Amino acid sequence: MIRSLLLSLTLLCAAPLASAQNAPAVALPKVKLFTTGGTIQSKGAHRQKLMEYSDGKVGPAELIADLPELKDIADVSYTEISNVGSPSVNTEIQLRLAKEINAWLALPDSAGAVVTHGTATLEETAFFLNLVVKSDKPVVVVGAMRPFTAVSRDGPFNLYNAVRTAASPTSRGMGVLIVLNDEINAARDTTKSNTYRMETFVARDLGPLGYTDSDQIVYYRKPTYRHTTRSEFDVSTLTTLPRVDVTYDYQEQDGTAIDAFVAAGAKGLVLTGSNADAVKRAQAKGVLIVNSDRKGAGRVVESAKGASQNRISADNLPPQKARILLRLALTRTQDPKEIQRMFNEY
Amino acid sequence: MTSVAYHRCIAAACWLLLAPVAHAQEIPTYAPPPPIPADTQALPTIVLMSMGGTIASRGTPRLNITNYGGKGVPRVDPQDWVHDLPELAGIANVIIEDQRAPQDRTSSETHEDFARVAKRLNQLAADPRIAGIVVTHGTNTMAETAYYMNLTVNTDKPIVFVGSQRPWTGLSGDGPRNLYDAVRVAASPEARGKGVLHAMNQFINTARDVDKTSAYRVNTFKGVDVGAIGFADPDRVRFYREPVRRHTTQSEFAGKDYSSLPPVEVAYAYRDAPGYLIDAMVAHGAKGIVVEGTGAGSATSSQTEAIKRAQASGVVVVMTARTDGGRVQDTPRRREALIVPGDNLKPEKARILLQLALTQSSDLANVTRIFNEY
């Protein structure tokens with residue numbers, strides 16, 4: 001029984017080799033593309049232009065029309081959320097995106113969702129969705145390192161593989177996924193590690209969950225931290241999220257930034273180091289403190305000392321992701337112990 | 001006299017007494033041991049099984065981290081580990097068991113040893129009093145042994161392979177910390193159901209995917225491409241992933257006693273690699289051949305001719321890739337050539353899986369299914 005199920009899943013995943021000529025006998029899986037913009041939707045003035053390519057934008061219809069091979073693997077529709085670079089993606093866009101995706105996946109005949117996004121903050125939106133999407137159906141975030149107009153652009157194959165991944169039943173229950181460069185990565189653990197290379201998205205130490213190879217969508221790993229259907233966070237009625245800021249640590253960091261963020265109304269701060277006096281001043285005003293790290297790998301361990309100072313350990317989340325989780329945590333509680341539990345579970 | 005200085009004095013006196021037998025030097029003797037709970041019965045019972053290895057080796061002087069061991073050199077017995085690591089008593093009831101091969105050398109281990117240990121692991125895991133098992137092993141082939149156990153031991157309980165890159169007595173030896181962490185992982189309820197694990201250098205890896213990547217560095221074991229699944233950090237053992245390929249309780253090979261396995265050999269591909277080595281493997285009775293191909297999994301034309309001859313006499317051929325990363329894919333051309341894609345397995349692991357597959361049949365569809373599922 002299990003064996004035949006696995007076999008049939010394998011056959012389903014092997015679709016691309018069969019492709020094109022044979023018209024599909026059964027209805028194709030319905031995948032909706034939610035576009036937010038980014039390099040994958042940007043045009044440069046000439047095809048060697050790999051930077052400062054702000055010479056035009058590509059909308060979802062053009063993106064889909066550019067990739068007729070999608071017709072063989074999925075019934076693709078789209079919703080345009082925004083068309084901005086990832087530095088401009090804000091809370092309003094993220095909340096709208098999450099609500100639209102939840103509405104789509106709640107439909108009984110939807111198979112999955114694909115989100116286009118600029119790569120600079122892609123991992124933040126992906127992790128946010130990982131915590132607030134209320135479905136087991138695949139949600140795949142995709143981008144490109146080279147613009148729509150470039151020679152050897154990576155966008156089309158990334159998008160094709162993202163749709164394949166979203167259409168694959170084996171992707172269910174894996175949490176929100178990031179697909180670029182033939183790799184399937186977990187939203188929680190993946191970070192952009194290089195400014196221009198195409199192998200930029202990596203889950204340091206932990207590696208990808210699988211691959212979008214030509215013969216099949218293949219998985220080796222399943223994430224164990226809580227996500228999507230096992231998440232306690234709900235943004236369905238929210239229109240904004242608490243302000244949380246990040247400070248970077250370096251020699252002689254004197255706490256000026258911490259004081260300034262508190263003055264600006266931050267409800268929580270994610271630190272990569274500590275300035276004890278400024279932290280105490282912030283905590284006196286009710287600001288929650290999370291300790292992350294600037295190294296990019298490894299955990300901030302929990303210690304009795306940290307707990308006694310009401311400092312929350314970010315586990316192995318980088319500051320920008322600890323910020324996302326702290327914002328959502330603050331929609332539920334102000335209790336540092338309870339928030340530490342959330343950082344241990346998500 | 002401060003308490004630290006006092007403990008240092010005691011430690012120095014201990015060293016004088018123990019001088020003839022070199023125990024691990026790098027455990028800070030001035031640190032208080034972790035508290036041992038009043039009710040030690042409440043601690044999980046962990047079997048510490050020795051299959052030997054560098055972690056069970058002594059070298060003198062302590063800077064000797066390359067030329068240790070050898071005939072006539074005293075080994076580290078399992079009870080020495082427990083003696084050197086009193087901290088173990090704070091985390092588990094440790095039961096020791098010696099399963100070293102007669103020469104205590106990984107390279108001298110044979111299938112007989114694996115079959116014996118697999119049988120024993122199945123027995124131990126079935127004992128309700130036992131929470132987990134740690135197995136020490138030489139690092140050169142421990143990934144293969146761990147993978148064999150991953151496929152043949154029928155249990156949800158953690159089985160954790162551990163070794164060291166430096167001998168137990170080496171300066172800055174990694175063995176003591178690795179062993180302590182392996183026991184912590186084996187005692188962790190979260191480690192259950194994740195297949196046979198590997199724990200060294202504070203990383204937790206899966207038996208299927210872990211590989212030795214450096215001859216001497218202590219950061220040698222990696223899940224190439226797919227990464228570690230967790231960490232044994234100072235505060236706690238943490239898991240981030242579970243493997244999705246079939247193993248242990250979901251393995252169709254688990255709990256069976258394989259006293260012998262069909263012979264399977266490995267042929268390496270390189271420019272001008274001849275076919276006669278493959279012919280010789282067949283002539284010597286190989287029932288399967290794993291070809292470690294170039295690039296995405298290619299053999300030379302002479303090897304390809306020899307592969308056809310081998311297949312004509314009923315030998316099953318699996319293709320892996322020497323790229324140390326990435327998969328050998330299922331392509332129409334490969335299907336036509338009746339070559340089974342080895343997925344992303346290293347050839348030495350593909351060999352073990354093919355040996356087990358061939359105990360069922362030489363049916364290519366079945367062997368292909370097995371390589372897709374395990």
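Backbone N, Cα and C define each Cβ position, glycine as well.
Listed features, source TrEMBL:
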type: SIGNAL; residues: A:1-20; note: signal peptide
type: DOMAIN; residues: A:30-224; note: domain 'L-asparaginase N-terminal'
type: ACT_SITE; residues: A:Thr39; note: active site, O-isoaspartyl threonine intermediate
type: DOMAIN; residues: A:243-343; note: domain 'Asparaginase/glutaminase C-terminal'
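Confidence over the domain 'L-asparaginase N-terminal' (A:30-224), given as mean pLDDT on the 0 to 100 scale, stands at 97. Neighbour list (A:Thr39 (active site, O-isoaspartyl threonine intermediate), Cβ cut-off 8 Å, at least 6 residues apart, same chain): A:Tyr53, A:Gly85, A:Gly118, A:Thr119, A:Gly143, A:Ala144, A:Met145, A:Arg146, A:Pro147, A:Gly155.
Residue counts for the domain 'Asparaginase/glutaminase C-terminal' (A:243-343) under DSSP, split into helix (H, G, I), strand (E, B) and coil, are 42 helix, 17 strand, 42 coil.
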